[in-house]
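Contents: one structure, followed by commentary.
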């Protein structure tokens, strides 16, 4: 067992076995569940076959899933981090990140105009603050362009960006897995301290072989799909997790699918790790958890960790804070487009978005980004030719801890399913809060983040980062996905895009719990006969009571304001919202 750990650890570092990923597959996942006798169809558990036991033993040994019974541990390091080397200092100079407090739409507009003039990098914005990266010697120029109300309304949140960037890269590990650790019989009860893969951020050269290995070991319900190739020729790879139940109706029925994406913006590493965490939890939970087994039978889950593989590789090899993809533009020295501004619905190439040097350059036209175009083509092909109906979409970004629903391009056009979108978003926020007491705000993507109570008191400020051409709007409007969200993950600005690795597992747990709520909501009445409580990765003291009587049928009236009022009550039920059969 110890030898296997050493070999696997070396593999994760050197990745000597990288080979071409199997060519694109559009076939459905297995049409029945007969290949996997471990599937649970009752509260009891069938004894696993020899291969299942062997496979799970290997998986437990290599990548141990964090325990859902303990609070997320913060992995200590006995190594002191040295000063950033000259190469990083040369790239980031004396850059800092400032947070401006905004109080009116005039403040928002002033910051937008000043940032456009100086070509500044807006990191994040909410209804209350805006984070901007700039060089120290540009601060005075920025303040000179702002009204007096903003000249003193700012504080530095990152004083030394170069050092922060250096510290965000993986450092030498201070310990190795304990070979004498007593392995638990369940993958889902393992210790997070043994979870090699999720102890740190991983480069693409490690992620792809890891995905290939999981797909080969769990072939009964997992496949790799190649959605297309990036501008630089890398394959855009995703997991497809799903299997039709043995008692399913005709295989010609349309298969419902849910898409979870990350890495559209290259520097948002936490989104990539979180998609992988959720995928791993679904893969290893099938056949062990009734809830996960039900979700995998009812839906195909397509999880794409890196929508922007070229940009992601570039953040590891050259510029940690690169945002766009890597395709060439009219200006050779300003490559790349913002992929989340290039989707076809309400594409907007005006103002700074028409400047190739802008961080949110929208390209020369709708689907001007190579990666967004091939993913859209894949989705349309699945819908038109492979009998798939997409019913859910979660696009993971960072940072600012927000749950955003359509539309991004406009605050005046209201989505027709607004009440349902808000209702599910609030349930997701509650699941996240119960995980580790982190508060995620809920709002329309066109607005800044606004708490539920503030939203009811008056109109929210328009977000500095709202725009047309977003994946969120395209999936919701053009692909008719009824439940589409963008989740902006941790944190609220202490680290921004440079979130320390100790947050990987806690953030993964938060989104995994959110996905369970998401799937449960979409199951409708089919969720009633399952005990969901045991599958949430909550600390023991945060586990909610879920009495059956709290279920609200689809015909029952539900006042969203009641849910908003109850959202601050730590003891209220998680499932106290109306589920929807899709």
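Positions of Cβ are set from backbone N, Cα and C atoms, glycine also.
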Recorded Zn(2+) site member, picked from 386, 397, 437, that accompanies 265, 268 in Swiss-Prot: 397
Neighbour-count leader, CB within 10 A, binding-site residues: 265, 267, 323, 341: 341
Averaged pLDDT score, the domain 'Peptidase M14' (200-522): 93
Tertiary neighbours of residue 334 (disulfide bond) (same chain, Cβ under 8 Å, six or more apart): 356, 357, 361
Cβ neighbour count (within 10 Å, all chains shown) around residue 357 (disulfide bond): 13
Whole-number Å value of the largest CA-CA distance among 265, 266, 267, 268, 323, 340, 341, 398, 399, listed as substrate-binding: 17
Surrounding CB atoms that lie within 10 Å of the CB of residue 399 (substrate binding site), all protein chains: 23
